[in-house]
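**Q** Handing you this structure, nothing more for now.
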Amino acid sequence: MSIINTSYVEITTFFLVGMPGLEYAHIWISIPICSMYLIAILGNGTILFIIKTEPSLHEPMYYFLSMLAMSDLGLSLSSLPTVLSIFLFNAPEISSNACFAQEFFIHGFSVLESSVLLIMSFDRFLAIHNPLRYTSILTTVRVAQIGIVFSFKSMLLVLPFPFTLRNLRYCKKNQLSHSYCLHQDVMKLACSDNRIDVIYGFFGALCLMVDFILIAVSYTLILKTVLGIASKKEQLKALNTCVSHICAVIIFYLPIINLAVVHRFARHVSPLINVLMANVLLLVPPLTNPIVYCVKTKQIRVRVVAKLCQRKI
């Protein structure tokens, strides 16, 4: 360890953190964590399977929901290897190249999820504001084009991350703050000038903030449209179609905002709190989104139950 921490030796291996102070209980902590990953993967896989196999769900809203499920699957699978290696096998080491690759996929799928939530907010606005032209505007081809464009946009946005991190020198510390690699966490360990990473990281965070602002704008327009509907029953019916999406937005953005505030203003907070919040960031959205959409979306719920009943028969 003395060689690794020497300032004259460039670091090529990082050490991730499990639960600080609870290392003795990692094997027991792995049980709920592995269960959450399993439920998230099965839940999002089920959403994708139901939408693919049910022709009646081949509509814009459900295509966008399948995009959300794919981004959730990507988030889960990106962090899964290091989390399992720490809690199951007590192996916190990760090579620098593997770390840079992991942070690319984690940030890429996070940006993609933010983009999908933005698309879904405009989808809900269009469905409520102009229902007669909804299907003619959002055709299958146009939905596919939107999905491809936003996927490329998400990956291109984070593509510089691993290359800028790779150009930095790491020669003092090699202990990261989480169970997986994040851009802002890795760049803090650099002993060379990391201003480019700081600026580009801020730009990436700004893009997420723009998505959030546009989602808020779309819901302001939705609320304005709903208030213009004469019937209270129709107002509630229109708003009810947005509940699942609003829950998904809160579940995704709230942990990001909390973690950003902690990193920026509460630097002396307990490392355990830091790790817990970071794990919530990647575990909770993929875990809860399928549950929320199955519970609140009748079309999904009915078909999931029907598939389960068929298997029992």
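Going from the start of the chain as shown, residues are counted 1 onward.
Cβ coordinates are placed from backbone N, Cα and C, and glycine is handled just like the others.
From Swiss-Prot, for reference:
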TOPO_DOM  1-27  topological domain 'Extracellular'
CARBOHYD  Asn5  N-linked glycosylation site
TRANSMEM  28-48  transmembrane segment
TOPO_DOM  49-56  topological domain 'Cytoplasmic'
TRANSMEM  57-77  transmembrane segment
TOPO_DOM  78-101  topological domain 'Extracellular'
DISULFID  Cys99-Cys191  disulfide bond
TRANSMEM  102-122  transmembrane segment
TOPO_DOM  123-141  topological domain 'Cytoplasmic'
TRANSMEM  142-162  transmembrane segment
TOPO_DOM  163-198  topological domain 'Extracellular'
TRANSMEM  199-218  transmembrane segment
TOPO_DOM  219-238  topological domain 'Cytoplasmic'
TRANSMEM  239-259  transmembrane segment
TOPO_DOM  260-274  topological domain 'Extracellular'
TRANSMEM  275-295  transmembrane segment
TOPO_DOM  296-313  topological domain 'Cytoplasmic'
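Quick one: where do these features end up spatially?
**A** Across all of the topological domain 'Cytoplasmic' (49-56), the predicted model scores a mean pLDDT of 90.
Panel annotation: around the transmembrane segment (57-77), residues 37, 40-41, 44-45, 47-48, 50-51, 105-106, 108-110, 112-113, 116-117, 119-120, 123, 127, 134-135, 138, 140, 143-144, 147, 248, 282-283, 285-286, 289-290, 293, 297, 299-300, 303 of the same chain, lying at least six beyond its termini, place a Cβ under 8 Å from a Cβ of the stretch.
For the recorded site, Cys99 (disulfide bond), the DSSP three-state label reads helix. Taking a C-beta cut-off of under 8 angstroms and a sequence separation of 6 or more, Cys99 (disulfide bond) has the following same-chain neighbours: Phe14, Leu176, Cys181, Val186.
Note on the transmembrane segment (102-122): residues 61, 64-65, 67-68, 71-72, 74-75, 78-79, 81-82, 94, 146, 150-151, 153-155, 157-159, 161-162, 165, 180-183, 186, 204, 207-208, 211-212, 214-215, 218-219, 245, 248-249, 252-253, 256, 282, 285 of its chain, located 6 or more positions outside it, place their CB under 8 angstroms from a CB of the stretch.
Counting only same-chain residues 6+ beyond the ends of the topological domain 'Cytoplasmic' (123-141), those with a CB under 8 A from a CB of the stretch are 58-61, 63-64, 218-219, 221-222, 225-226, 238, 241-242, 245.
Under 8 Å from some Cβ of the transmembrane segment (142-162) lie the Cβ atoms of residues 60, 63-64, 67, 100-101, 103-104, 107-109, 111-112, 115-116, 119, 183, 200, 204, 207, all in the same chain and six or more residues away from its ends.
Beyond the topological domain 'Extracellular' (163-198), the same-chain residues lying 6 or more positions past its ends with a Cβ under 8 Å from any Cβ of the stretch are 4-11, 13-18, 78-79, 82-83, 86-87, 94, 96-97, 99-100, 102-103, 106-107, 204, 263, 271, 274-275, 278-279, 282.
Within its own chain, the transmembrane segment (199-218) is flanked in space by residues 107, 110-111, 114-115, 117-118, 121-122, 124-125, 157-158, 160-161, 164, 183-184, 187, 249, 253, 256, 260, which lie at least six positions past its ends and keep a Cβ under 8 Å from the stretch.
The list of residues near the transmembrane segment (275-295) in space but at least 6 beyond its ends in sequence, with Cβ under 8 angstroms from a Cβ of it, reads 17-20, 33, 36-37, 39-41, 43-44, 46-47, 65, 68-69, 72-73, 75-76, 78-79, 83, 106, 113, 177-180, 182, 244, 247-248, 251-252, 255-256, 258-259, 262, 301, 304.
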**Q** With Cβ-Cβ distances below 8 Å as the criterion, list the same-chain residues six or more beyond the ends of the topological domain 'Extracellular' (78-101) that contact it, or say none.
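**A** The answer is 11-18, 26-27, 29-30, 33-34, 37, 109, 161-162, 165-166, 170, 176, 179-181, 186, 279, 282.
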**Q** Please list, for the topological domain 'Extracellular' (163-198), how many residues fall into helix, strand and coil according to DSSP.
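**A** Secondary-structure breakdown of the topological domain 'Extracellular' (163-198): 13 helix, 1 strand, 22 coil.
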**Q** Quick one: give me the count of other CB atoms within 10 A of the CB of Cys191 (disulfide bond).
**A** 14
